[in-house]
Structure formats: C-alpha cells, structure tokens
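**Student:** After the structure tokens below, expect a handful of questions from me.
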Amino acid sequence: MWNAQQDSDSAEALGRRQRWFCAGTLVLAFTGTFIIGFLFGWFIKPSNDSTSSVSYPGMKKAFLQELKAENIKKFLYNFTRTPHLAGTQHNFELAKQIHAQWKEFGLDLVELSDYDVLLSYPNKTHPNYISIINEDGNEIFKTSLAELSPPGYENISDVVPPYSAFSPQGTPEGDLVYVNYARTEDFFKLERVMKINCSGKIVIARYGQVFRGNKVKNAQLAGAKGIILYSDPADYFVPGVKSYPDGWNLPGGGVQRGNVLNLNGAGDPLTPGYPANEYAYRHEFTEAVGLPSIPVHPIGYDDAQKLLEHMGGSAPPDSSWKGGLKVPYNVGPGFAGNFSKQKVKLHIHSYNKVTRIYNVIGTLKGAVEPDRYVILGGHRDAWVFGGIDPQSGAAVVHEIVRTFGTLKKKGWRPRRTILFASWDAEEFGLLGSTEWAEEHSRLLQERGVAYINADSSIEGNYTLRVDCTPLMHSLVYNLTKELPSPDEGFEGKSLYDSWKEKSPSTEFIGMPRISKLGSGNDFEVFFQRLGIASGRARYTKNWKNNKVSSYPLYHSVYETYELVEKFYDPTFKYHLTVAQVRGAMVFELANSIVLPFDCQSYAVALKKHAETIYNISMNHPQEMKAYMISFDSLFSAVNNFTDVASKFNQRLQDLDKSNPILLRILNDQLMYLERAFIDPLGLPGRPFYRHIIYAPSSHNKYAGESFPGIYDALFDINNKVDTSKAWREVKRQISIAAFTVQAAAETLREVD
C-alpha cells in the first residue's frame, strides 16, 4: 500500500551521503572551475569568446528543434504507470530512475538530495469517512471510502484513498452548516449579514476559488469543529462533456486530495526556516507550524448530495451560493423537518510521520560564469498517477534535460550553470524545494540568476498562461514571438499572436496577459523568500467560457495518462509548446551575454500597483484624511525608480560587451534587483514571505497580491477592534513599501 519509505542501505548510499553541494561537489563543480575560469577565462579572454552563442550561432534554434513531442509523450506514459505519493517506495524508485537517466543524458553531475520531513497518511486499518447519525447515535449513511478505479488500473493496489493531508484525528459531530466556498467573505456573510454562528458546528464547503488550506483556516477562525470539502458540479463539471472515462469531467465519486496546511512559506512544519537534515532541531509534533486544528475530509459530489439534500435553516443568501446539485443549498444549521435530529459526524484517523524524501538535482556547468545559476525545477510526487499534476510537467523537464544533454555531447556548454531539479513532496507543502533552498540559501542568494517552475504543463488546451516577475515580461514576449502557435486557426502565426488574441492583458492594451506570482508551487521559496527572479508557463483553458476551478479531475484517481492522451493533447503539441517556452527561457537566461531582464518593465508594474493600492485606500477617504495617510512617499519612490531604470537601460544599450568587468557589474545589478525587494523581517505574521512587492494573498494562497503589506493592513479595516492602531499600521506599511522601492532604485544607479 502507501507505506512510507523505510530507510535502507541503498537509500543512504544514494541519499544522505550524496547531499548536493557537499564538499566533493564543491571541489568538482565550483572551486576549480571558478578560480581557474575566473582568473584566466574572465580577465584574460574577451567574455564572448567562449560563449556558445558565438561558437554555435544556431544553438538556440538547434535546441528548440531537438525538443520532440513524441519523447514527452513517452516520458509521460512511463511516469504514470504507478502512483508516486511522496515518501513511498514508488516515488523513491522514480527518483532513482530519473537520477540514472539524467546521467545518461550527459549532465555533469546528478545527485539525490534527501530530507526527513513531516508527512501525513491515512490509516489503512481505520479508514476516514463521514456519516449521518440518528438520534440514537446509529449510522444511517456513510461516505465512500475510495474512488472506483479507472479502466486499466483495477489491479493497482497502492492507490491512497481520498484524504486531507495533515488533518488532525478526531470524531466531531454536530449540526451541518453550508458555507459556500469558505472564503473570508463567505464567513462575513454568514456572521454579519445572516447572523449564523458556526461555532461548534460541522461546516461543508465546496472546493474552488481559494486554496483549501485557507478554507480550513477560515472555518477554524469561525469556531467550527470540523470541515467537509467537496467538488460541486458547478465548479468541476463542464456542461456538455461526459465524465471520465468517456470525457474529462469529474464523476460523482471522484474526489480531490490535497494538503490543508497554512505554512506561509515555512517549509517542513517541524523545521521552519531551516533544512530538515540529519542534525536539524525538530519541534515536537504539538509545536508543528501550519497544521490545522480541526478534522478535515474531502468527498465527491454524489456523497455531498446526501449531506446537503435535507439541509434546513436559512435559504442561500443569493444565487452565487448555489451550485450544480439538485439541492436547495440551504445554509442550515442542521437538517430540516423529519431529519432535524440527525447529526453529521467525521471519522478521521490519519497520522503524521517524519519520512524521508528525495530531490534529484542535475548540474550542467557554465563555460564562462559557472558561479551563476539558472534553475529549472518541477515536482515528481503525485497524489495518485499524476497524469497532469505533476507528470505532464515532469515529462517536459525530462525532455529539456535530454535536449541540453544532447547539445553538451556535441561540445556546447551554456554561458552560466544550469541546475535541474525534480522536487519531492510538493503536494505536502512544497517541502522538497523549500528544504533544498533552505540548505543552500546562502549560495542561492549570492549566485541565483533565475528560477523557472515546471509543474503541470497543461490545465487546458486553449492558450498560453504565464505568471512571472516583471523582470521577465520582455523575455517572455520576445521569445513567444519566435515560436509557432500550436492553436487551430493560427497556422503560420506566432505563439505571441494567439496568446495576445485569446488572453489580452486588462492592464496593458495590445499585450498578452501576464499574471502576478502567488504561491502553491515550488517557485515560492525562490521568489518570496530569497528574491530570485522567477516565472512559470503552461497551457490553460478558456477562462471566459469555462468557469470550472482548475481542471475537473485535479488530484483525483482519474488523472491518468489516458486523460491527457485522449482528451487534452492527443498529439502532445501543447506539451511541446510549453517545453519550448520553458526551455527557451532557461536557454536565454543561461546564455545571453547580458541578462534578459527588463527593469523598465518593473518600473511600469510598480506604477500600476501603486495606483491600484492607492485606489483601494480611497474607499476610506474620511479616514485617510483623519489619520493623515499619504501615499506621496510611495509615488515619489516609484518615480525615482522609473527614472533610474531608464538611465540604467540606456547604459545597457551603450555597454561595451567586450569589457568583462563592466559586463559583470551590470549583470549583477540586474540579477540582484529582485533581491532588493526582499525585507529580511518579512510581512506581518508571515515572516517567510519577504517580498514587499508581491506575496500570496492572505485570503487565497494561490493568488498573487501586490504591495501585500499595505493591502492586508487595509483589508476589512472598518471592523478592526482598534481602528486608530489599524490606520497606523497602514501608514507603517506605506513607509516600508516606499523605502523598499527607493532602496531598490539605488541598486540600479551607476557605480562610480
């Protein structure tokens, strides 16, 4: 079954004794290369003599042509034969397979990097479920214990049943309250408008709109003693499409798994801020960071129908609270009529366990700047088969590694070092990437150029979707103009053309939409904590016509290879396009003589964000005046940044690229700009989110928020206990933001 990985001699040999950046690796990969290469190659030879772009002018074209859709298809098939739950033998075996294949592909160094982190598993002998009990305490209904197996997978026995990872154990019972999506505003509606108290109740919420961990946190704050999560057809069933296996919709018994943590970037709950290695100090389980305090369990919509059909109490406040089930969506509390004495009971027996996980880290050393790292990473662990999440991304990473290895075997090397990562335990709170970044944080802060995330390659087949730092906007726009669009009706046109038409920006007329980085994926620690420029790209659905959350079969047993091959991307042309985008981003970042970062795009973004947060504040004009709140300092800092960025850009245009010292100075200014937005003290209550310009929303981890410190200070400010103190905090956050932008501008000034 899903037994946690046991320590073994082979695990030790491949794992802890091969920790990445160990002394031997440093000597092999960096000490000799850096000292000799820097002294002789950097100062004696012109910097562009040894770059691949000069030696092999067609290498970028060769790289893109070498990427093959059929290889991605083959890799995806291979990666989805068995489940790969973090901490299990299957996932360890896949790590060893990737380790061996990356070596065969030709990387200079491939190692396993292991950590002992807190994971969560269901109890095999005491399954989790939800029941309805009558007044005598007898069960009259219980939810399904497992999903039906998809065709062709009936004989695979190690499928973990649906559960909410890190839910505490417990058997709470009580009246049921329907809380819509369990968002902050939903609980405000219940408590402030409808006067419904959730304290001591069991609440049921539909998946969607916000991260499930935020739902659980909101339920806790409302006093609930348990929460049930379900996938409503309105959010996970597209009209006109059949359910799996005949289509890509969610069957009634399909269930979304997922963690319900609120880590806020802490990493392993027992070692927040520090790597979970062999000598790490670990908190007691009772002191673990980010764990929920109330039992949680997910169910499918067939079971949800049974729980909701006899709900009594208040009618839903408006149509936005109604889903796609044939129930009235009454809020409760409790059942109606003859069912009024029945209660709902959770039976949760999951357990937490310190378990070993394994990242795979591959290195392709740079020829000119081996001490500058461009990182491509995506996770490998899956809740079950992971047909989309994550293996559609892992297969693309595998093909990109193979392609870079092919070029290397022909004598090519990138200018800068490229690191490739197959992360473990992403589904349990981004643990693999966070622990590795924590272990190597000092090196990464000094040498990290960029991080490109490579989770799911598709969540639809409509158009490109990009989230990234403004530093990468121009890079993405330029490279998509060079790539062909895979979309029907855009034959002979560029990816940029189809992207711009299908997903236009709401902020910048005539440009495609690029979104802010939030969280919920492995770029978090690199961007939000370390300040390394980051980006991600994948193919997505038509969000205008398709209102479902994510894709319907997300984190269910039905996320199979066949789902992708039959319904989403039969020819794998969209996977290939995503490989080209991700690969080209890495290629440009690792190979361009001048880093392809655009600080002027950052200036434009800062101006937009400052205007947006100011407009939000002006919802309170009287208070702004009474408490003498001014945004003048922030707007002044943004104007200064804009002026300095313009002058910096002019120096880039005039740069003598044959002068290695000047080249290094300007590249370092570009590389460290993102770092300049990092506040070591972090955001209020979220010390591991340190980026002052961007952070995950406090109310939805998946979404990005600009000037998050100011935004959070303003949120629901009229209902704060101490209004005067709340407005002083707004003033403080404005000053922090203004200082940070001004300080960042200073890093771009010409070095005297």
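Any Cβ shown, glycine's included, is placed from N, Cα and C.
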**Student:** If Swiss-Prot gives R212, N259, S519, G520, N521, R536, A537, R538, Y554, H555, K701, Y702 as binding substrate, which of E426, E435, E438 does it give for that site as well?
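**Tutor:** As annotated by Swiss-Prot, R212, N259, S519, G520, N521, R536, A537, R538, Y554, H555, K701, Y702 share the substrate site with E426, chosen from E426, E435, E438.
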**Student:** For the Zn(2+) 1 site, Swiss-Prot lists H379, D389; sort out which one of D318, D371, D455 goes with them.
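**Tutor:** Zn(2+) 1 site check in Swiss-Prot: besides H379, D389, the record includes D455 out of D318, D371, D455.
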**Student:** Write down the one residue from E369, E427, E524, E588 that Swiss-Prot lists together with D389, H555 as binding Zn(2+) 2.
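**Tutor:** Looking through E369, E427, E524, E588, the residue Swiss-Prot assigns to the Zn(2+) 2 site is E427.
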**Student:** For which of S10, S47, S320, S498 does Swiss-Prot record the feature phosphoserine?
**Tutor:** S10
**Student:** Once near-sequence residues are set aside, which residues in the chain of N461 (N-linked glycosylation site), 6 or more away, have Cβ atoms under 8 Å from its Cβ?
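**Tutor:** Residues satisfying the criterion: Y539, K541, Y568, D569, Y574.
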**Student:** If you measure from the Cα of N478 (N-linked glycosylation site), which of the recorded positions N155, N338, S630, N640 is the nearest?
**Tutor:** N640
**Student:** Between E426, D668, which of the active-site residues has the fewest other CB atoms within 10 angstroms in the structure shown?
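**Tutor:** Candidates: the active-site residues E426, D668. Fewest Cβ atoms within 10 Å: D668.
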**Student:** Neighbour count first, Cβ atoms within 10 Å, every protein chain included; then name which of N123, N640 tops the list of glycosylation sites.
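**Tutor:** That would be N640, with the most Cβ atoms nearby.
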**Student:** Near N338 (N-linked glycosylation site), how many other Cβ atoms are within 10 Å of its Cβ?
**Tutor:** 8
**Student:** Counting every protein chain present, what is the number of Cβ atoms, excluding its own, within 10 Å of the Cβ of H691 (active site, charge relay system)?
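**Tutor:** Taking all protein chains shown, H691 (active site, charge relay system) has 24 Cβ neighbours within 10 Å.
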**Student:** What's the CA-CA gap between N78 (N-linked glycosylation site) and E426 (active site, nucleophile) in angstrom, rounded?
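**Tutor:** Checking the Cα atoms of N78 (N-linked glycosylation site) and E426 (active site, nucleophile) gives a distance of 20 Å.
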**Student:** Averaged over the region 'NAALADase' (276-589), what pLDDT does the prediction give?
**Tutor:** 97
**Student:** Would you mind pulling the DSSP three-state label for N155 (N-linked glycosylation site)?
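**Tutor:** Looking at the DSSP assignment, N155 (N-linked glycosylation site) belongs to neither helix nor strand, so coil.
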